[in-house]
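Reading through the structure tokens given below for one structure.
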Amino acid sequence: MVVVNFIIQNILTQAAITIALIAMLGLLLQRKSFGAVLTGTFKTLLGFQVLSAGSAIIVTALTYFGKIFQHGFHLQGVVPSIEAINGQAMNTLGLGNEIALTFLGIFIVNILIARFSPWKYIFLTGQALLWMSTMTVIGGKMAGLSSVWTIVVGSVIGGIFAVAMPAIAQPFVRKITKGDAIALGHFCTIGYMVEAGAAWFFGERGEKKHSIEDIKLPKYMEFLQDTYLSVAVVMVPLFMITAAFAGPKYAGNGTSMNYIMNAFMMGIQFVVGVYVLLAGVRLLLGEIVPAFRGIAMKLVPNAKPALDCPVLFPFSPNAVILGFITTTIGTVIGMFLMPVFGLAVILPGMLTNFFAGGTAGIFGNVVGGRRGAIIGGIIHGLFITLLPALLVTALTSFGFVNASATDSDTIVAMLIYAWILTPILKAV
Amino acid sequence: MFGSLFKKKDTQKNTVTPSEKGDQAISPTDTAALEKKVASITVQIKQASDDKEKRHLLYNQLGAVQVKLGNDAAAITAYEASIQDKEEFGDAYNALLNLYEAQRKQAAKAKNDDDIQKWVSKTDALLDMSKRVMRSGFGY
């Protein structure tokens, strides 16, 4: 009994161990060799610890940024970063165990739906599943559910999203790829539908519809070649400008260093945090995802794989660029617009603008041509700024430091908890 | 709202993937002509060993012919060689996406875990290439 208690209280409460055991289970089910199971399990454990280290770095930089933004502009400036939310939830808030088990639960529910329903989609973007499990766990905890119910409800909601989102996007994907072999597995689909809807309403139709692919765009996106450079290009100047407004008293952070230089180094620290955290995520998912997708594919042989958004880029590259630019314009407008409605200032997130904005551009273009993609893209930018703004108060009161989520579907999943589940539970 | 998208579902569903094309019966005469074409392109590829630009286009042609012949494995080899010579959006990417998926389905039906991983990993590599090409200004 003493040994069992020791295991329950000291080992199974460690999220790193839970997630490593999940990886071990996947590897054992695949009948991997002893060596492969051992290294895979260890790598997953290591991945969690690297993720934790990245989260700590990000939190330091975000705390500093929140302070200088408050003093510089007398507003709450929030960085939309699902990585930062995941890192803080996993570590600072101690929700790692629930997130790890919900991640596994979503996978199981996804397989069950695909196995026994006509919707054969298997969601293969591991990172997106991790973000979804993070947001459903936060939602469950905010609704006051116990850990077990948080995991069960999160698995069901996340599993439904994992099938429903590719299914909703599929009519558009068929039109874009001119085939039905693959599906889109990216939890920004509701945003894509908003862009498609706006493009249909405002865009070109019939013979007047001109695709953006008919134009040859100039080559100018080199700065996006490196993920971290693209984060730095926006975040570092943002830290420095905010510091200039806040002044040396707050931006100096008690160091002898010049306060602008200090802000520069803090901006770099944020980029390093994202780098470390994503390296941890890759390590963490590197063993789990291949193990479970192998199992999923065997259990649902006629599955339709739902793949990450770059799968669509080659079919409409100009629309990706247009979507990135127009979504960025929308997020910049949204940044100034949100405080007018009493919401926090949501800073534009360049990574989301590139991947979600770019993919949304493809949807806008296929539905409403050039005009549809342009107007739809700006509306998409506004929409993906509004969603994280709606979450800020709830996230801040729950203990999150100066960050909000991105990825529209994960936010909508959490809003289901906040707007539907919580009132029902309170009424019962 | 998106009537045209949904109405075309059935016709879109019938879109023939490279692999499916290969399954359609072709006459012996056509087969002979296509095999002749394969031999001719193979010779041209050998001759263009120093010209990657030309060779990658020839590999694309070879891949397309192999798809028509139903030789999926040979088509994959040709398209992969094309991408190795020049990473770009176009025929090779589009065809490989469908060919890998067809192979993955076969592996899943055979419950061959190693092959499932192999084809899914190859699709992952294709997505990585998509990101690289997109970020580098898609080959202009």
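Backbone N, Cα and C define each Cβ position, glycine as well.
Marked as transmembrane segment by TrEMBL: A:6-29 (among others).
Taken from TrEMBL, the feature transmembrane segment applies to A:41-65 (among others).
Here the transmembrane segment (A:95-114) has Cβ contacts under 8 Å with residues 12-16, 18-19, 22, 48, 86, 89, 120-123, 129-130, 132-134, 136-138, 140-141, 147, 150-152, 154-156, 158-160, 162-163, 288, 292, 295-296, 299-300, 303 of the same chain, all six or more residues outside its ends. Marked as transmembrane segment by TrEMBL: A:95-114 (among others).
Outside the transmembrane segment (A:121-142), and at least 6 residues removed from its termini, the chain residues within Cβ reach (under 8 Å) are 82, 85-86, 89-90, 95, 98-100, 102-103, 105-107, 110-111, 114, 149-151, 153-155, 157-158, 161-163, 165-167, 170, 183, 185-187, 281, 284-285, 288-289, 293, 296-297, 300, 303-308, 394-395, 398, 405, 407, 409-411, 413-414, 416-418, 421-422. According to TrEMBL, the transmembrane segment annotation covers A:121-142 (among others).
As annotated by TrEMBL, transmembrane segment applies to A:148-169 (among others). For the transmembrane segment (A:148-169), the residues of the chain that approach it from at least six positions outside its boundaries are 98, 101-102, 104-110, 112-114, 117, 119, 121, 123, 129, 132-133, 136-137, 139-141, 183-187, 189-190, 192-193, 304, 306, 363, 409, 413, 416, 421, judged by C-beta separation under 8 angstroms.
Sequence-distant contacts of the transmembrane segment (A:181-202) (same chain, at least 6 residues past either end, Cβ-Cβ under 8 Å): 121, 123-125, 128, 131-132, 161-162, 165-170, 172-173, 304-309, 311-312, 323, 352, 355-356, 359-361, 363-369, 371-373, 375-377, 379-380, 383-384, 407-410, 412. Positions annotated as transmembrane segment by TrEMBL: A:181-202 (among others).
TrEMBL lists A:227-247 (among others) with the feature transmembrane segment.
Among the features that TrEMBL reports, transmembrane segment is placed at A:259-285 (among others).
The transmembrane segment feature in TrEMBL is assigned to A:320-351 (among others).
Taken from TrEMBL, the feature transmembrane segment applies to A:372-398 (among others).
Within the chain carrying the transmembrane segment (A:410-427), a Cβ under 8 angstroms from the stretch's Cβ atoms is held by residues 82, 128, 131-132, 134-136, 138-140, 142-145, 153, 157-158, 161, 187, 190, 387-388, 390-391, 394, all 6 or more beyond its ends. For A:410-427 (among others), the entry in TrEMBL reads transmembrane segment.
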Tertiary contacts of the transmembrane segment (A:320-351), as residues 6+ beyond its ends and Cβ separation under 8 Å: 69, 73, 75-81, 195, 212, 217, 221, 227, 230-231, 233-234, 238, 313, 357-362, 364-365, 370, 373-374, 376-386, 388-390, 392, 404, 406
Positions whose Cβ lies under 8 angstroms from the transmembrane segment (A:6-29), at least six residues beyond its ends: 36-37, 40-45, 48-49, 52, 90, 94-97, 99-101, 103-104, 284, 287-288, 291-292, 295
